[in-house]
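The annotation ATP binding site is assigned in Swiss-Prot to 30-33, K51, 87-91, G414, 478-480, D494.
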Amino acid sequence: MAAKDVKFGNDARVKMLRGVNVLADAVKVTLGPKGRNVVLDKSFGAPTITKDGVSVAREIELEDKFENMGAQMVKEVASKANDAAGDGTTTATVLAQAIVNEGLKAVAAGMNPMDLKRGIDKAVLAAVEELKALSVPCSDSKAIAQVGTISANSDETVGKLIAEVDKVGKEGVITVEDGTGLEDELDVVEGMQFDRGYLSPYFINKPDTGAVELESPFILLADKKISNIREMLPVLEAVAKAGKPLVIIAEDVEGEALATLVVNTMRGIVKVAAVKAPGFGDRRKAMLQDIATLTGGTVISEEIGMELEKATLEDLGQAKRVVINKDTTTIIDGVGEESAIQGRVAQIRKQIEEATSDYDREKLQERVAKVAGGVAVIKVGAATEVEMKEKKARVDDALHATRAAVEEGVVAGGGVALVRVAAKLAGLTGQNEDQNVGIKVALRAMEAPLRQIVSNAGEEPSVVANNVKAGDGNYGYNAATEEYGNMIDFGILDPTKVTRSALQYAASVAGLMITTECMVTDLPKSDAPDLGAAGGMGGMGGMGGMM
């Protein structure tokens, strides 16, 4: 086992604090509308330019192992805030730095660290309740656009784009992709879309678009390969009599069956299109069941004793329209019952809660979106790859922030909400004097985000903080325009969830750091002695010394 280097008391805390400050100072320059960029070197390719706090934090590793431990603990604050709310990472880092610095000063002055931590925890619990009381619902697209704009570093075009995304609803899946031009674009897919196209180009009935478009078709869902046309004849005859088109979604349609369907389509006997079912294995079975729920049909599966020959029109699903191209199939307005669809969504949600891997969770979330919401794709436009990466990170932050805003509402932005909360809790007391100091440490730290935003804007933090504290309600300082007023009227909003998560995670990790008394790390390995000069002729295995 490697030898360890151990530091105690003030020695340990000073080293840890240095690491905290290095990381936090690098991250906090990005805060606010006038925050600066940070350039991150990459081992290959162009450097990354970012204004995203967590991206900066993730890049920082310090040479001194004790300092690095402090930096890594603050990195954890940023990561946790990012995981919980998808934004607010810089605010969380600034809060953590403020609590650690103030807290360690109190420890150095002789306060009991455990009581300090209890005081901080008490203040944060009370602050979370106050934040909830200040929160107002965020439902209209104007407020959503404002939240998106603030989170995307005051980029109004991104804010407006994200406000349009509410077309896919709360359950919708939103993906961010590289665009092809300089402008940002938004594609919204109505209905259920999956990534499987037609099995034969002969099904195409819209040559100008290269797509198959079928109005009010029946939809046959089969969890098996179909190669024998005899199995399908009863269904095909029933569909032909009904005078409607047919879409077949099966594990595969091949050989004689596919050839016969193509011939029937080309002769105009019955309009048919066949596609492979999406997914593989158990996921394919589940997705077929999703489509069945959406279209009011039944999956023909031999596992439950159903045979294709005995299928009737009652077993088929229906939709208002189906569009199939080379790579995708979109089912629009399935006729499934709303209660059945909601039941299916609830079932998938339960699976999301029980899922252990991020991959499974993501795939299940996509299924919820396809059944209940829709899919929106934001295509980010930029002139260079470096700009594209930076912009995608901002769009991603804005997306998470707007989701958080819809979930828990919004509070006044620009650090004002935390200043108001701190003022309301000024009379809060603990069980002893040391806990009272802990409460004051937390309340003083709540001013740090406002002070940092002002500092990044080139103004004097103390002057602005005092002016803001002299006001009440949503009165604050707009760093972008350098004027005071109602932050809600200015359109400067923060999602309550983002502010709450930032405060909770910052206090949690900072409290642990304040109560640290000892740090242990591996001693750096001393270089092994150079054995290249030892006796022995090359290739003689050390026998040279025997001659």
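Each position is counted from 1, following the chain as shown.
Cβ coordinates are placed from backbone N, Cα and C, and glycine is handled just like the others.
Where Swiss-Prot records a feature, it is marked here on the structure.
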residue: T30; record: ATP binding site; contacts (Cβ under 8 Å, 6+ apart): R36, N37, V38, T50, K51, D52, G53, V56, T90
residue: G32; record: ATP binding site; contacts (Cβ under 8 Å, 6+ apart): G414, Q452, I453, V454, N456, A457, A479
residue: G88; record: ATP binding site; contacts (Cβ under 8 Å, 6+ apart): A81, N82, A401, D494, P495, V498, T499, S501, A502
Open item on the list: Return the count of C-beta atoms lying within 10 angstroms of the C-beta of K51 (ATP binding site), excluding that atom itself.
Closed with: 21
Open item on the list: Tell me the coarse DSSP state (helix, strand, coil) of A479 (ATP binding site).
Closed with: coil
- [ ] Please classify the secondary structure at D494 (ATP binding site) using three-state DSSP.
- [x] strand
